[in-house]
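Notes to accompany the following structure.
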Amino acid sequence: MALRFSKMHGNGNDFVVIDSRDGALALSVATMRSIADRHTGVGFDQLLSVEPARDGASAFYYGIWNADGSPSGQCGNGVRCVAAWLHRAGELGLDETVQIQSPSGPVAVRLIDAHTVTVDMGEPIFEPIRIPFDAPNISDRYALAADGQALEIGTVSMGNPHAVIVVDDLAAPALERLGPAVTGHQRFREGVNAGFVQKVSPGHLRLRVHERGAGWTQACGTGACAAVAVLRQRGEVDPQVRVDLPGGSLRIDWRGPGERLWMTGPASFVFEGEWPDT
Ligand SMILES: N[C@H](CCC[C@H](N)C(=O)O)C(=O)O
């Protein structure tokens, strides 16, 4: 049976969104990878499914798979696109807050307009065992050897694992190797999204992310949340931060440990399509 999908993106982080409101999506990794192929398929960083809620409290569940077919617990740019998709489907009104269940737990979304969404992303998680990251105790910074370099990282989970490295130059050639080296580092037994962040001011960051399962992306929503969480925990950024990524900007609001973190940004629809004979 042909598979109908919507192509969407959040600041250039692109998605194939599948309407699975009639039941859980069952696609093989091979089929996902075929659809993800940017030459012979549709192309996506992540595939998202919209499914019936499983927790008896949320309006819907959404599933997340990277371009390599690996699953993830959360997708910041993706959940904004799911909210915009639900609005286009007549399931969500403007200014209406609704709970969406993700593989890592519920988040709450609210459409400011048809293309701008605010998300309550919950509390950042810093305990190494919950990221997961191999470290004897919790800290706001860790030493990590990668690609022959001695790095200082912060690490946090937004429902998916993130490492955050402060750099002076986002265009440094060394980052091209460092990204994959951190993403596949053995101390992150489930892999990690590697964010490289430049501090412009306490209210303004620039960020590039080498994503687990997708590589360098134009934007990473949970990566922006993670960068702010790590730097705010260190006392180095304001409660509201603008994060510029290669594909666009996000606004992150976080008062600090014990508080919930909010992300606001765009969600764009590109086209509808049909994938044959799945
Ligand atoms: N690659 C991520 C999932 C997508 C996250 C990103 N696209 C976002 O907007 O948060 C992971 O494996 O955890």
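Using N, Cα and C of the backbone, Cβ positions are placed for all residues, glycine too.
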Taking Gln46, Gln99, Gln101 as the options, which does TrEMBL list with Asn13, Asn66, Gly76, Asn77, Asn160, Asn193, Glu211, Arg212, Gly221, Thr222 at the substrate site?
Gln46
Could you check which of the recorded positions (Cys75, Cys220, Phe271) sits closest to Asn193 (substrate binding site), going Cα to Cα?
Cys220
What is the separation, in Å, between the Cα atoms of Asn77 (substrate binding site) and Cys220 (active site, proton acceptor)?
6
Under 8 Å by Cβ from Asn13 (substrate binding site), same chain, sequence gap 6 or more:
Asp45, Gln46, Asn77, Gly78, Thr217, Gln218, Ala219, Cys220, Gly221, Gly247
Restricting to the same chain and to sequence separations of six or more, state which residues have a Cβ under 8 Å from that of Arg212 (substrate binding site).
Asn66, Ser70, Ser72, Asn160, Pro161, Thr183, Gly191, Val192, Asn193
Could you state, as a whole number of Å, the largest distance between Cα atoms of any two of Asn13, Gln46, Asn66, Gly76, Asn77, Asn160, Asn193, Glu211, Arg212, Gly221, Thr222, the listed substrate binders?
16
Taking ligand 1 as the reference and 6 angstroms as the Cβ limit (strictly under), which recorded positions among Asn13, Arg212, Phe271 are close?
Asn13, Arg212
